[in-house]
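Undergrad: Quick one: this structure, given as structure tokens, is what I'll be asking you about.
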Amino acid sequence: EHTLSYKTQYDEIPSNPGEYTTVDMCAGDTIFGDHEQLIKQVPRLLQSTQQVLDSGKIHPMIIAAKFHGFYEYLHPFRDGNGRLGRLMSNFILLKKEQPLLIIPGSQREEYITALKYIKKERTDEFLIDFFFRTSIKRMEQEIEEKKNLTENFIRGMEFVRNVKSSNDDILEI
């Protein structure tokens, strides 16, 4: 039994958090299909994902993207599928000590398009590519932030070297 408890953006708790949907679902212009058949596939998705993770033969980012695409296709809950899918994808990455995937709002449309391509084109290559590119971009941003922080620390060290060694002088700063 899966239990998911959360508040919506309007600070309301849905009446059925963590319960599988009892109706066929859609999101925007995407119709997901027979909810009963889709829900039956959730345990298999979890088991096969764990097996692939344990094998160590496939890059964790690929596993996370494939899992996410399939999970979103299953759409097992009435609400929160996207959030939970992204959270579980990040759990996969975290288990394998990989950088987490943070999808900025500015990339939302590209993310949705990549998800739609799975059903439309019968391929998850666009979602996998999106996951890798988004992660690389975030790592590059973090590297730049670390460079700036390093430069700040270097300036701090230079400042300390130029200050007299007396504690009294430092306390006057």
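Placed from the backbone N, Cα and C atoms, the Cβ positions cover glycine too.
Those TrEMBL annotations? Automatic predictions, nothing curated.
Dumping what TrEMBL says about this protein:
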ACT_SITE  HIS75  active site
BINDING   ASP79, GLY80, ASN81, GLY82, ARG83, LEU84, GLY85, ARG86  ATP binding site
DOMAIN    1-133  domain 'Fido'
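How about a rundown of where these features are and what they're close to?
TA: The DSSP secondary structure for HIS75 (active site) is coil.
The C-beta environment of GLY82 (ATP binding site), restricted to residues of the same chain at least 6 apart in sequence and closer than 8 Å, consists of GLU72.
Residues belonging to the domain 'Fido' (1-133) score a mean pLDDT of 81 in the model.
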Undergrad: Roughly how many Å lie between the Cα atoms of HIS75 (active site) and GLY85 (ATP binding site), rounded to a whole value?
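TA: Given the Cα positions, HIS75 (active site) is 9 Å from GLY85 (ATP binding site).
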Undergrad: Quick one, of the recorded positions HIS75, ARG83, ARG86, which Cβ has the fewest other Cβ within 10 Å?
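TA: Per-residue Cβ counts within 10 Å for the recorded positions HIS75, ARG83, ARG86 bottom out at ARG83.
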Undergrad: Taking every protein chain in this structure into account, which of the binding-site residues ASN81, LEU84, GLY85 has the most other Cβ atoms within 10 Å of its Cβ?
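TA: When each Cβ's neighbours within 10 Å are tallied, GLY85 tops the list.
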